[in-house]
Amino acid sequence: MIETTAYLREQLAAIYDPEETRAISRWVIEHVTGYTPAQQILAKDTPIDPQQREAVRMIVRRLKQHEPIQYIVGECTFHGLTFSVNPSVLIPRPETGELVERIVQRHGAAPSLRVLDIGTGSGCIAITLSRRLLRPQVMALDLSAEAIRMAQANAERNGAKVCFVCADLFDPHLTLPGPFDLIVSNPPYVCDSEKSDMAAHVLDYEPHAALFVPDDDPLLFYRAIARRAHEWLTPGGWLYFEINAALSTETAALLVAEGYSDVRISRDMEGKNRFAEGRVGAGGR
């Protein structure tokens with residue numbers, strides 16, 4: 001196994017930084033052999049069989065094409081839970097985990113909250129909130145039928161009770177069985193002009209419909225959600241967003257213009273303006 005580890009680190013050194021190279025090497029070996037990182041240390045002198053060596057080489061070829069390791073192995077970890085992923089859904093990001101943690105810290109002790117996740121993708125937000133909040137009722141919405149199927153499978157995998165709905169946010173006839181106490185969304189927010197700044201593993205493999213928005217209307221999803229949320233939120237209910245750090249001022253102004261109170265922008269662990277929140281007044285809009 002030590003030879004396989006050396007091979008992986010040598011092959012991946014040109015693609016990833018040293019820390020990522022070590023982490024992905026351990027991940028590949030665990031995926032192929034079933035050995036956890038701790039077991040890999042204990043079994044470092046144990047050779048892998050020819051079939052496993054070929055599987056490692058195949059993964060390396062795919063990684064050199066910038067395919068995300070999460071898509072190759074078919075899963076990733078988010079908030080301590082394991083989620084299946086494929087190119088029909090975004091790979092959950094640490095920043096999104098921070099958004100979930102903020103919600104849990106504020107609302108974790110409140111029982112039976114009604115929660116709506118808009119643009120659920122893999123279901124990572126809805127499923128984690130279902131597991132972390134106190135007896136919540138969680139609904140999750142997505143336009144993509146493929147994403148809904150993936151999210152449903154992830155809910156079953158993680159023992160979460162979530163009602164998934166395949167529907168279009170922009171459908172004026174869309175009705176949902178609210179009201180909800182919380183609405184959360186990580187909608188598309190990367191401007192088309194920012195594509196040149198994106199890494200190849202994102203640009204070439206992750207679903208563009210879940211990432212990009214037109215330069216001439218980058219807040220279209222935020223505006224639509226903020227307006228519909230007045231129909232769906234209970235008086236005093238909260239709206240939470242993950243946002244484009246470059247558009248934090250504009251996002252806050254939009255929420256104020258749409259009648260939300262207690263509007264706040266918060267930073268992520270890297271110091272970027274990454275989260276927005278607002279509240280419906282006690283008397284509604």
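For all residues, glycine too, the Cβ spot is worked out from N, Cα and C.
Cross-referencing ASN186, ASN244 with the S-adenosyl-L-methionine binding residues that TrEMBL gives (GLY119, THR120, GLY121, SER122, GLY123, ASP142) picks out ASN186. Per-site Cβ counts within 10 Å over the binding-site residues GLY123, PRO187 peak at GLY123. Compute the center of the Cβ atoms of GLY119, THR120, GLY121, SER122, GLY123, ASP142, ASN186, which mark the site for S-adenosyl-L-methionine; besides them, the chain residues with Cβ within 8 Å of that center are VAL89, LEU90, ASP117, CYS124, ILE125, ALA126, ALA140, ALA147, ALA151, ALA210.
If you take the C-beta of THR120 (S-adenosyl-L-methionine binding site) and look for same-chain residues 6 or more apart in sequence within under 8 angstroms, you find ALA126, ALA140, LEU141, ASP142, ALA147, ILE148, ALA151, PHE164.
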